[in-house]
Amino acid sequence: MARMQQQQVCSRGQRSSHLPLAFLTFLCFGAQHNQAVIQIPSNYHISDINSSPVIINPPKTIIVVGVEEFIMSCEASGNPQPSFTWTKDGHKFDPRSEPHLKVSEHPGSFEFKASNGSNMVNLKSYQGKYVCYATNNLGTAMSKEATLSIDGLPSLQKEKDSIFRATEGSNMTLKCNPPKSSMVPVIHWMDWKLRHIELSDRVMVGKDGNLYFANLKTTDSRDDYICNLQYMETRTILTKDPFTLEVKPSNSIVHNRRPQMVTPTGSSSTYLALRGQTLDLECIAQGLPTPRVTWLRKDGELSESRTVKESFNHRLRFLNVSESDGGEYQCIADNTQGKAKHTFMLTVEAAPYWIKEPVSQLYAAGETVRLDCQADGTPSPTIRWTVNGARLPENSKRIRVESGSLILEHVVFEDTAVYQCLASNKHGTIFTNTHVYVINLPPQILTKDGEIYSHIEGQRALLQCETFGSPKPKVTWEREGSLLLAEPRVNLLTSGALEIANVTLDDKGLYNCNVQNSNLSITAELEVFNRTVILSMPQDLKAQPGTSAVFTCKALVDPHFRDPQIQWRKDNQKLQESISDEKYTFDESDLIIADVNADDEGVYTCEVITSLDMAKADGTLTLIDRPDPPSRLLLADPDSRVVTLRWTPGDDHNSPVKDYVIEFEDQNLKERGWQKLKKVKSNKDHAVLSLRPYMSYKFRISAINEVGNSGPSQPSDIYNTSAEAPDKNPENVRSESVHPNTLVIAWKEMEKHEFNGPDFHYKVMWRRAVGSGPIWHENITKVPLVDFGDVGSFAAFEVKVQAANEKGDGPEPDPVIVYSGEDVPLEGPLVVGIDLKNSTTVEARWAPIDKEKVRGHLLGYKIHLTWKGYRFHHGHGSTDSENTIVEKTEPNEERKVISNLRPFSKYDLAVTVFNNKGEGPYSETVPFMTEEGVPGPPAFLSLRSPSETEMTMEWKPPVHPNGNLTGYVLQYQQITENDDSLIKEKTIDNPKITHHTLKGLDPHSSYRFYLSGRTAVGNGKPIMKTGATKSDALPMNITLSVGENLVNISWAVKRKHRHTDFQIHYRDDNESEWRKTEKLNSSQFFYQLQGLTPGSNYQLHFIYQKNAFFKTDVNTEKKAAMQQSFATQGWFISVVSAAVLLLLILLILCFIKRSKGGKYSVKDKEDGPMDSEARPMKDETFGEYSDLEEKQTASQPSLCDDSKLCSDNNLDFNGSSVVTSDLNLDESLISEISRPSAQEGFHSLPQNSTFNPVPVSSATNGVSNLVTIPD
């Protein structure tokens, strides 16, 4: 062995970059017990050190197909760099001396490959098993065997038979017969189009690659069954010649066949499998119907976790065979005709595998080394050792092998080497390289100086002082110059660390670690913090299904720790905040569980986590619900009116039962339903029930807990009680006498369950309260009412009503006083006087009536006030007829204040007395008059803006003047944004004036107008109207429709604007002078410009006050080349239709005019029904004034009176005669036609509407060619 000298190392604090990484890798494995093992930590400072070789990339098994190139390589590390040698089939092999190999050597690697020009003959001599050896002065490492195989490309042979014929129902096997090769192909059966043959439990591919048919169908006939062999190593696919299968239909009935095994043959077979391999057991059977294959293990249970069934259950696969899989397996193929079986005897053996591998380590000189090597396998492997790939030295007293372990006693530097442990049986050999390195190293402290250790009080503190050296260094710990071993909570560990148990706040400070016999030391600082304490722990919760539960967890944390983490767990499983279903929500220190259900029950843990500690507390969530109802109801210990009810409690669903409620149902009165009988405490399972006589009982029970009621149990058996005399009498005995001279006695009817027996009835006893003596009159009845006649009106009686049945009478009843029927009072009271309080209020006074004259219960007085009209007639007063109001008083009242009377009016007052029977006669009538008051509001107010700065108001006098009307007060105010303008006032002293025009108003402004009447008393309540000064309404949205010799023009106007007159000026391109239309009005909405030349361009100017507000050009249509029939001309049809429509409209207007009766006087207008202008206007439509009557008198004074348009004679349009007919139209329809609003003119109607005005020719008897519909 190579000699290894002691290495020199630098002092503590120096660092070397020359320590090989590979060396540290294999030297830093775990130490073994009972041996002085030295590990060189990665932070141990050393300048340089040698390392034994380690094979890091061993050669791999290679299969060479054809003349492909191969590379056999080996890589290793070590210091110094290792050299490489090879063996082939156990003999030395030097690739450098081989003529057909090319060698490539680099530091740490060696490879050889086939040289250029090599052929299969040359390369076949290199087939074999190769081992790589890496050597330096610290030893030799060897690799595992790698096999080199040389194989030619597989070649296909032509099949002798490629056509197969069979009869329907028989079985068939198409064999693939892959060529012999070291490579195993993957086999696919496909057709010409490279589509896989459809496999099933009837048609399948076996492990041997053959295609098996359990039975044939005529549909199996085809000429393209092709076997494809895929070689994964060479990435090639070989395609065999196609097979043709012809299936002939059977001429007779196809007979079923019992299953027969196709593969494997025979009744049993034996399989040997190695541990860790994948094994397939396969059964393929033929038969008709198609057999179904099942598997079982005869000597035990078939493991579903270790096996997989594939290929439609025909194949049983073991993915990772183990010794426990050895045994007897059976496949069974069965159909309706029988069964076929095959038994597999599976034996599982194992190639050698490691139980314990020796560990590469560093050792100090003089120590004893033990390398344990244990392997297992079937059969059991043998263990042997080599050193640097060679035999161990013989007759050595220090080196021996015991039970597979290699022992080296008192190692010296020369024992540094690579030792191989090999385990072998008939299935193979495994080995491992183990490195032994003997070296002496000076001590070093590996732990950093000044480390800070943070702990929570009560924890175990561990202050590290890791040292390394060979031999092992010894350390001591000090605090403030004193050794710490005397402290019972302090312990020095073998690793050099100082352990302090149950640290306190007093333990914080500086600690020193020293290496004995050296000047090496480090300082460690210990920090101690307050432990985390949970102040508010999660409470045990009870929740109902579907509700939410909230756990709260609040903790006290040392201020040193910021933002501690709160982690929630359920049954020790972490909870994550739900995003999709919002199941769990974390709200600071709260956990909110939504929609609680049975899965949410459990223990919830709150963990408050800091960087050093964790505090936790638990809370239990219990799902509670309504209890189940009791069961097994039993009746016991019966008595006459007592029975004991027993039951078995139901499940309380985690919420203790508080009470039981017992209900009963009378089987004779089922319509009354179930009634509550008794409530008992939860600690009872029985109850003694007090019952009523002569009843048929059923009982049921419900349980109540803090959640709710369980619902009722199943009812008990029926329990009947015996009859007894009544134990109570009827209640609420009273008089229900209505008619005079009669006595009607009534009482509350007793319930049937109070009868206590059969033949239940009432005994009614009565006598006069005064002067009748001790004799009682008696009456027997079964209904709760008796009546007697000829007893006088409102007379007092003593009455008793007693319950009775066939068992006897009830208890003696107490008498009550009742009265016979009332009669109307005999006279009225005396009116003492009437005091006038103001114009609308008086006070009436009267003397009380004698009680005997009331003839009943005095309910009060009625004051009758009759309005007789105003004190004198006035032209504008109300025409209301007499009306009477009635005021009621209490029985003890003798005066009454009456308000809301009409001022300046005459009244008659009379007083009556009333009781339950009715009113008595009227008292003497007393007349009086009310004083003059302020008038009511004017009857109506209308507004009209004749110009931009004027507003004309028209009104009617108040309906209720309440006195002599002396004039009016008009107030108005401009509406501004801040509503802060001044209110101006105009006094009108003439009460007969009913209109007024205000001038000098702001144009285009809105105003509020207040008008009130006046009397000598003062101003009355005003009527308010809002209006605006209006601008001229010019046509807008002008549209034109052009014909050959005319243009139809329509337009719209803005709402709330005054209609204006305008003209249209027009000329064609050949004219220099403008032609003008007659004056048009914006309210017309339509005009037809006629007399134009076809095919010409015309300029149109719309003129208002000599200015054009709209200009346009139009082109009239050219005249048609061919004239059609006159009767089919479009213009002729349009003119006739327009004439008919115009006639209809004119007739409607005439009908409206006549229905109004023509001219009427102002008096008729005032006294008649209120017209449209008198109707109240809604605020949202202010400013829309009705000027219908004005237009009828101004613009159309003779529409129906002076013109012949409304005569019974025929109307002549364009020389044609149109006969009018009587019209019977609904009045509401006529009203709608006669009063269209300006903003809803006919331009908004469809062109084919019945009420859309159509112009007529200008030659129609002097009538304008435009129909004006009044607004």
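Cβ coordinates come from backbone N, Cα and C, glycine included.
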Note to self: Between the candidate ranges 140-161, 646-667, 668-689, 1240-1261, where does TrEMBL place the region 'Disordered' annotation?
What the structure shows: 1240-1261
Checklist line | For the compositional bias 'Polar residues' (708-723), sequence-distant contacts whose Cβ falls under 8 Å of one of its Cβ atoms, 6 or more beyond its ends | finding: 626-631, 633-635, 638, 640-641, 643, 645, 647, 650, 661, 663, 665, 667, 674, 691-702, 756-758, 805-807
Notebook entry, point to check: Do you know the mean pLDDT across the domain 'Ig-like' (443-529)?
Noted result: 90
Note to self: What residues elsewhere in the chain lie close to the compositional bias 'Basic and acidic residues' (725-737), defined as a C-beta under 8 angstroms and at least 6 residues from its ends?
What the structure shows: 743-750, 754-757, 760, 762, 784-785, 787, 797, 799-805, 807-811, 813, 816, 818-822
Check: Is the domain 'Fibronectin type-III' (828-933) in contact with the domain 'Fibronectin type-III' (629-724), using three or more Cβ pairs under 8 angstroms as the rule and ignoring pairs under 6 apart in sequence?
Finding: no
